[in-house]
Amino acid sequence: MSINRRQFLKRAGVVTALGLGSSFATIGIGDRLASAASEYEEAPNADKIKHWAMVVDMSKFKTEEDINRVIQSCDKIHNIPQMDSSKDEIKWIWYDDYEHTFADSENEYLDETMKKMPFIVMCNHCENPACVRACPTGATFKREDGIVTMDFHRCIGCRFCMGACPFGARSFNFRDPRPFIKDFNPNFPTRTQGVVEKCLGCYERLEKGEQPACAEASNGGLIFGDLSDQNSEVYKIVSTKFTIRRKTQFGTQPNVYYLVGGGDHA
Amino acid sequence: MLEKALSGSKKYWTWIIFLLAVIVVGFFSYMRQYNYGLGLTGMSRDVSWGLYIAQFTFLVGVAAAAVMLVTPYYLHDFKRFGKMVILAEFLAIGAVIMCILFIFVDVGQPMRILNVLLYPQLHSVMFYDMCVLCGYLAINLIVGWTTLGAERKGVHYPNWVKPIIYLSIPWAFSIHTVTAFLYAGLPGRSFWMSAIMAARFLASAFAAGPSLLIILALIVRKVSKFDPDPDRNAIPSLVKIIRYAMIANVFFYLCEVFTAFYSNVPEEMASFKYIFVGIDGHATLVPWMWTAAFLAFLGIALLVFPTRKNPVLLPIALLSIYFANWIDKGVVLILAGFVPNSFDRVVDYIPTANEISIVLAVYAIGALIVTVLYKVAISVREEQQA
C-alpha cells in the first residue's frame, strides 16, 4: 500500500491526537483524584458543625494585656513573621480603634476614649466571601463548616482576594517570611514568599475538637461556636443580644459579631 | 515574512539595540524581584496592586482599540482605513503581550500561573480575563498575519479568515469589559464599584488607542516609503472617533463625580478627594490628576477646533489625549481604589526604581514586537509599491 505525503501526515495526526486524548482521560482525571482522596480522612466532628461563628465580648477586653495575650497566642503557633516594615506586614489577628474598625458608623460627638477603644479584628469567615469569588485558582475556598481557608501551594499570589476583601483581613508575603519568625512552631506550616495568607480559623485545632487559639487565650472574651446549633452560646448571644458586625452593607455576612456593652452575656 | 525584520537601516538597528538594552536592564531587575519578592516594589498590604496592574489595565484598552479600525473597514467596507488596519492589528498584538507580561511580573508565584487554567474557577473574573486576552492575541495574530501574507502574494485573503475577523469585533469589546469587571465587581472599593466603569474603560480606550496609532502612523510615514494614509483621509476620520470617544470618556467621568458628590456619601467621595485635593496631607496623586484633567481638555479643544488640521498641533492633541488617559487609567485609577483602605486610613504608594525599570522593560518588549511587526508590514507594502 502506498500513501502520499498528505495522507501520511493526516493519519499521523489522527493517531497522535487519539493517543494524547486517551492518555489525558486515563491518567488525567479518574485515577489520580481517587488515589489522592483516599489518603485523607474526615475529621471526627466534621459533619456536625455547619456554621462556625465568633462573638467578641468587648467587656472582657479591659486592658491592653487582654488583647495582646490573644494576639500572641495566634502569632506564636501559626508562625506569623514579625516583619521590619509595615509595608510587608503579615496579620492574622490584630486590633484597631473603634473609629477605624467601624469607619462607616462615624459619630462626630463620640469622645476620644470611645473613638480609640481597641477592637480585635481578623478574617470574618464570611458566609458569602468576596475573596473566594475572586480567587482564580480555588486556592481560597470555603469549607462546609463555614471556615474560609487557603491552600498555600495553589496560590499564585495575584492578590485579587486582597482587593476583594472589604475587611483588610488578608496579607501578602512580599518577601520570604521565614527569617522573621520569632518562635518557630514545627507543627504548623510556614509560608513561602509570594503567597497570600490570613486567619484560617485554627482548622488544625478544630479537627482535634479544640477551640481556636485566640478563643482559648481570651478568658471568655472570644466565644466561638456553631451558629446553626440553637443551644450554642454564640447562637444565644447573637439571637438575643445587641451585637454589631463590620461592613454588613456588602452582603458578605461576616461571622465575627461584636457584643458591645453587653456585660454578662449568657 | 519575518525575515524582513532582519534587514534594516542603521537607524532601525540602533532603535532595536536600544530596546534590547532596556529589556536587559529590566530583566536583571526582574531577577532581583523574583529572588527577593514583590517587597522590592512600592506595593504594600494596603495598596496591594501598583504600576504593573495599572499598566495592564491601560494596555488592554490600547489593544481593544484596534476594533475602531477593524469594524469600519471590514464590517462597513470603509476603504479609507485599508492601509492602516494592519497597523492597528499589529499594535494590538504588542499591547496584549505587554498585558500578559504585566500580569506575569505582578504575581508572587509566577511558576504557578497556569493554575488559573489547571483549576479554572468559573466564578472568578480573572479566569475569564485570561481566556479573552489569550483569545484576542490569537485572533489578531491569525488575522494580521494571514491578511498581510495574502497581500504580499497579491491575492485576496482566504475566506476562512472572514468569520475570525468578525469575531474579533465583539471580542475586542469583551477584553476591556471583562477587565473593567475585575474591579467593578469588588465590594468595599467604592472608587471601582461603578456600573459605568466598563463603558468608561471602552470610551477611554477608543480615545487613547487610536491616538497612539495615529502617532505611530505618522512615524511610519516619516521613516519609510510606505504611507499608511496616502489620500490624507484615514487620519481625519480616526481623529473624529478619538474626539467623540474622549468627550464620552470625560462625560462618564463627570457622571461619577456628580454621583459621588451630590449624594454626599463619604465613601464615594473619599477617593476623588484623595486624587484631586489629597487627604490629611497625603497628596502624591494630586499633581498627576490635575495634569490629566488639563491634558484631557486641551486634547479635546485641539481636536474640536480646526487646529486638528494643523500638522504640528495634531500630534500635540493626540499625545495630550494619550497621556491624559494613561495617567487616569495607567496610574491613578488602580492606586486610588485602595485609598482610603478598609480601615479608612490613607497609605501612599511610591513605585521603586526596580519596579519602574521592570515596567520600562515590558514597554520595551512591546515596542520591540510592534517595531518588528511594523517592519514586516512596511517591507511588504514597500514591495507592493515598487
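We count from 1, first residue shown onward.
A Cβ is built for glycine as well, from the same backbone N, Cα and C atoms used for every other residue.
These numbers come from a predicted model, not from an experiment.
Listed features, source TrEMBL:
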TRANSMEM  B:12-31  transmembrane segment
TRANSMEM  B:51-74  transmembrane segment
TRANSMEM  B:86-105  transmembrane segment
TRANSMEM  B:125-143  transmembrane segment
TRANSMEM  B:164-186  transmembrane segment
TRANSMEM  B:192-220  transmembrane segment
TRANSMEM  B:241-265  transmembrane segment
TRANSMEM  B:285-305  transmembrane segment
TRANSMEM  B:312-336  transmembrane segment
TRANSMEM  B:356-377  transmembrane segment
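Residues 30, 33, 52-53, 55-56, 59-60, 62-66, 68-70, 113, 133-134, 136-137, 140-141, 143-144, 147-148, 172, 175, 209-210, 212-213, 216-217, 220, 228, 358-359, 362-363, 365-367, 369-370, 373-374, 377 of the same chain, all 6+ positions outside the transmembrane segment (B:86-105), place their C-beta atoms under 8 angstroms from a C-beta of that stretch. When Cβ distances are compared across the two stretches, the transmembrane segment (B:51-74) makes no contact with the transmembrane segment (B:285-305), since fewer than 3 pairs at least 6 residues apart fall below 8 angstroms. Under 8 Å from some Cβ of the transmembrane segment (B:192-220) lie the Cβ atoms of residues 57-58, 60-66, 68-69, 84, 87-88, 91, 95, 173, 176-177, 179-181, 183-186, 226, 228-229, 235, 238-239, 241-242, 245-246, 248-249, 252-253, 255-256, 259, 314-315, 318-319, 321-322, 325-326, 328-329, 333, 337, 370, 374, 378, all in the same chain and six or more residues away from its ends. Note on the transmembrane segment (B:312-336): residues 47, 49-51, 53-55, 57-59, 61, 183, 191-192, 201, 204-205, 207-208, 211-212, 214-215, 218, 235, 239, 242, 246, 249, 253, 271, 274-275, 285, 288-289, 291-293, 295-296, 298-300, 302-303, 349 of its chain, located 6 or more positions outside it, place their CB under 8 angstroms from a CB of the stretch.
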